[in-house]
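> Feature table excerpt (TrEMBL):
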type     : residues : note
DOMAIN   : 31-280   : domain 'G-protein coupled receptors family 1 profile'
TRANSMEM : 20-41    : transmembrane segment
TRANSMEM : 82-110   : transmembrane segment
TRANSMEM : 130-147  : transmembrane segment
TRANSMEM : 183-206  : transmembrane segment
TRANSMEM : 227-250  : transmembrane segment
TRANSMEM : 262-282  : transmembrane segment
Amino acid sequence: EFLLLGFSYNDNLQDLRFTIFLLIYFMILIGNSLIVLITVVDPSLHSPMYFFLRNLSFLEICYTSVTLPKMLVAFLTEDGRISFLGCAAQLYFLVSVGSTESLLLTAMAYDRYVAICDPLHYPRIMNGGLCVRLVVGSWVAVAPVQVGQTYQVFTLTFCASHNLHHFFCDIPPLLQLVCADTFWNQVTLHTVVMLFAVFPFALIVFSYTQIVRAMLKMPSALGRRKAFATCSSHLVVVTLFYSSVTVVYFKQWSRDSADTDRYLALFYTVVTPMVNPVIYSLRNREVRIALQRLLCRK
């Protein structure tokens, strides 16, 4: 088994931490579930953009549920232990859902690119079949890669100390406990990050470069504002997600920087899923109107 030492479990702050993270977990569940609900029941939100948003909100629920429940149990029991198999399962689902989210954000950027740069052909290109294939492909593409990466990590020989200086099981802190050369594991890790983070991010940047060029050619200032409004929420989410993920996985993990790195990891696994519903509801007029209609009916 491993001992998660992201927090100290023998101080007087356990009840406060438990309350804070329980409230955060409820906010994530309620906020993202509302996004899923209104994009299903409201006919005005039955479009590719909101189909992807619905799947993103579902992913955020899954993403947080991989780590937060275990943290809440640790606060209650004052025991940060996690079994070997439990750690392997947590790692697999964490990296799988995170990689899927990265690909889904890329699909959302492509949707905005087609909507703004080729609006006349948008209904034909972004049809229901393509949207489903993009979402299913995002899930399927990561599964074999992350199974292999998880297997590679957990077949290594770990040292006598199983104290994991992190909030959850993640690859960089786990490799710190290995009593063997981890060069190929580092190569695999950076290759996977390139494949599922850097390359998708490059596609997103390319999509928005084309979007900006198309917006600058619009004769109407109102048209430019509307185009920007449909992209701004996605841009904020992309910035929050990729900035912290890239720093954590491309920086060399060391004990000196472990505190900074694990709090960055907590940021993209807890804070980002919590603020996503707020970003999309406050900056999206159609979502706000749909939510008001739902509340009025209730």
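Counting begins at 1 with the first residue displayed.
Using the three backbone atoms N, Cα and C, a Cβ is placed for every residue, glycine included.
Heads up, TrEMBL stuff is auto-annotated, nobody curated it.
Since the structure is predicted, the reported quantities are computational estimates derived from the model, not experimental observations.
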> Okay, the transmembrane segment (20-41) and the transmembrane segment (262-282): do they have at least three CB pairs under 8 Å, pairs separated by 6 or more?
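Answer yes, regions in contact.
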> Summarise the model confidence on the domain 'G-protein coupled receptors family 1 profile' (31-280) as a single mean pLDDT, whole number.
87
